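Comments concern the structure below.
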Amino acid sequence: MSVQSSSGSLEGPPSWSQLSTSPTPGSAAAARSLLNHTPPSGRPREGAMDELHSLDPRRQELLEARFTGVASGSTGSTGSCSVGAKASTNNESSNHSFGSLGSLSDKESETPEKKQSESSRGRKRKAENQNESSQGKSIGGRGHKISDYFEYQGGNGSSPVRGIPPAIRSPQNSHSHSTPSSSVRPNSPSPTALAFGDHPIVQPKQLSFKIIQTDLTMLKLAALESNKIQDLEKKEGRIDDLLRANCDLRRQIDEQQKLLEKYKERLNKCISMSKKLLIEKSTQEKLSSREKSMQDRLRLGHFTTVRHGASFTEQWTDGFAFQNLVKQQEWVNQQREDIERQRKLLAKRKPPTANNSQAPSTNSEPKQRKNKAVNGAENDPFVRPNLPQLLTLAEYHEQEEIFKLRLGHLKKEEAEIQAELERLERVRNLHIRELKRINNEDNSQFKDHPTLNERYLLLHLLGRGGFSEVYKAFDLYEQRYAAVKIHQLNKSWRDEKKENYHKHACREYRIHKELDHPRIVKLYDYFSLDTDTFCTVLEYCEGNDLDFYLKQHKLMSEKEARSIVMQIVNALRYLNEIKPPIIHYDLKPGNILLVDGTACGEIKITDFGLSKIMDDDSYGVDGMDLTSQGAGTYWYLPPECFVVGKEPPKISNKVDVWSVGVIFFQCLYGRKPFGHNQSQQDILQENTILKATEVQFPVKPVVSSEAKAFIRRCLAYRKEDRFDVHQLANDPYLLPHMRRSNSSGNLHMAGLTASPTPPSSSIITY
């Protein structure tokens, strides 16, 4: 009988001790199951013992004999190692099971040849008893132990891998880096499977091992462990630092939050105090303005209600200041009449000249005699007045000089009275405006300093239009003054009309919101109060508009007017350079604000309610259709806006150029070039603008020819002949370096060489 393994073959009949240690395939599986369930103490668990009892009795006896022999050989020499001990050691040291040392197939066919008799069982039990009594010696003398067929070279080392013969090591698994667990081929036969009886093993079974080797030593492991401990300490230290930093940051956040709350509270207190102070100041200003208005009512005049039939009208009554001026004017007129009468009497007493002194005397005697004869002067009871005595020539000239001086003095007084009257008229205009403002403010629902949108504190009313009120307000967020325009819709309007008005206001807001230029009033905000009220917040300008200035001063110098026109044209150029371009369409003195209230300062353009957007859809080569014909201020619109036809007229930015020309003319001459004393209805009915083919300039005041030429270019009747905004911006009259013409410079140089004409005569003065 021969036993064949992966390391070689052993011939000879096996002894009973060999048979007792030769496991069957089923016993090998049971052994593996038992070893897998064996705790580190070496004693199998209850589950493993239950599996052993469930086996065939014959196999159970073989396994018992094998484990008994292994247990007895565990204390012997190093050549015969105990499998159970090795399994227990492997589980503790290298985490290998007993199956990794000798993988046994769990499958073994039951054949009649392998059945043994009762005697073999008895001999096996006898061999087991001998193994127990020998305690580590070789089993019997009839054969070898099954462990003798495997030549262990590693001695009794702790790892089973060290005791595996080199011949049966798998080269594929010797360099494997997988986890230290056994890998057993399921179909490989066990090398310890021996045939019982006289039947040899037909097919040898091969063993497959998975070997893990490492270069780590205890020092390296200790170093790695120490490094790991240091890393953990560093990480823990870093975590502690981060936790402390996090705590510090949280503490700082809490402190900053408390500080923020404190600042918010302080800010709210400041805002509340600012509101209180602003309201107090506004209240005092209202009181002072009303007191001043009451005083001016007596001095300048006031409105009185007069009944005319069934209606009542307001009539203006002048105050004592105007009455005194009227009395002074009457006294001056009376004095002038007296002086004229005395001058006539003085002319009668004018002495005759030396040549004519004798002729009147000779001729007077016959006349006297004739009168006496006819009238009977000698018997006439009436006494005739004596003829005025003739003055000497010196006396006559003396009286004549006195009368001339008195007339000159009266003329001077009359001029002063006229100047004072004009000044009082300007003050009266302010007074009338203030009276209307106070009346409108008293009737307004926003008179009690409300805060709109939780931001804008209303101070006092600036003015009132048809459907809007403009208040001076204070922005509590930005800490600046602003002008709040409150649009109030008529509650009796239809919803369609309200929607159109609101749409128009939103359109103005969208246009104005995108504009950013120093010569255009900025639009800050837009919000609604209710369904019938919405507000727009504009930049606040301290001064008045140009229309009020012209009403006060009638006109201005050419330099001041030119400065205003330059700023207007600069703003128009900006409106035509943005995309899409914009036509203002409502340029007039009322929409030009004087920042300082004077003509020598900055201006700003406002009111884009009628402006037109020249987008690609509506603007063509000839311009865009005028869809709002009839709107605007007629004195400042060009003739093409009044053309009535089947199709609407075409307009372009030349509409604003015409308006610039009219404004410049009005600033220079104090009157409008077309329809000055006409109403808008008269202008529309009489076609005044359509007939304005040429502009006529008054004689006074004197204006330079360059300014007149500039006005003619702006007021060209045909829009094809009129400048556009870009051409107007490049006009030589508006360029600072063109104020001195080349021709005048040449004449000046010629005058220096030919005549002693002063150099200033060749400079164009405005």
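Each Cβ is built from the backbone N, Cα and C atoms, and glycine gets one as well.
Positions annotated as compositional bias 'Polar residues' by Swiss-Prot: 1-19, 87-103, 353-365. What Swiss-Prot records for 1-197, 346-383 is region 'Disordered'. Taken from Swiss-Prot, the feature compositional bias 'Low complexity' covers 20-33, 68-85, 170-192. Here Swiss-Prot flags THR38 as phosphothreonine, drawing on a large-scale study or a structure entry. Residues or ranges marked as compositional bias 'Basic and acidic residues' in Swiss-Prot: 43-64, 105-121. Residues or ranges marked as phosphoserine in Swiss-Prot: SER54, SER77, SER80, SER134, SER159, SER174, SER176, SER743. Taken from Swiss-Prot, the feature coiled coil covers 230-281, 397-445, and the record attributes it to sequence analysis. The annotation domain 'Protein kinase' is assigned in Swiss-Prot to 456-734 on the grounds of sequence analysis. The ATP binding site annotation in Swiss-Prot covers LEU462, GLY463, ARG464, GLY465, GLY466, PHE467, SER468, GLU469, VAL470, LYS485. Residues annotated as active site, proton acceptor in Swiss-Prot: ASP586.
In this structure, the CA atom of SER468 (ATP binding site) is 18 Å away from the CA atom of ASP586 (active site, proton acceptor). Taking the centroid of the Cβ atoms of LEU462, GLY463, ARG464, GLY465, GLY466, PHE467, SER468, GLU469, VAL470, LYS485 as the ATP site, the other same-chain residues with Cβ within 8 Å of it are ILE486. Largest Cα to Cα distance within the recorded ATP binders LEU462, GLY463, ARG464, GLY465, GLY466, PHE467, SER468, GLU469, VAL470, LYS485: about 14 Å as a whole number. For the pair VAL470 (ATP binding site) and the residue listed as 'active site, proton acceptor', the Cα-Cα distance reads 19 Å. You'll find the Cα of ARG464 (ATP binding site) roughly 18 Å from the Cα of ASP586 (active site, proton acceptor).
In this view, the residue listed as 'active site, proton acceptor' is surrounded by 22 other Cβ atoms within 10 Å of its Cβ, with every protein chain counted.
Mean pLDDT, taken over the coiled coil (230-281), works out to 94 on the 0 to 100 scale. On a Cα basis, GLY466 (ATP binding site) lies 16 Å away from ASP586 (active site, proton acceptor).
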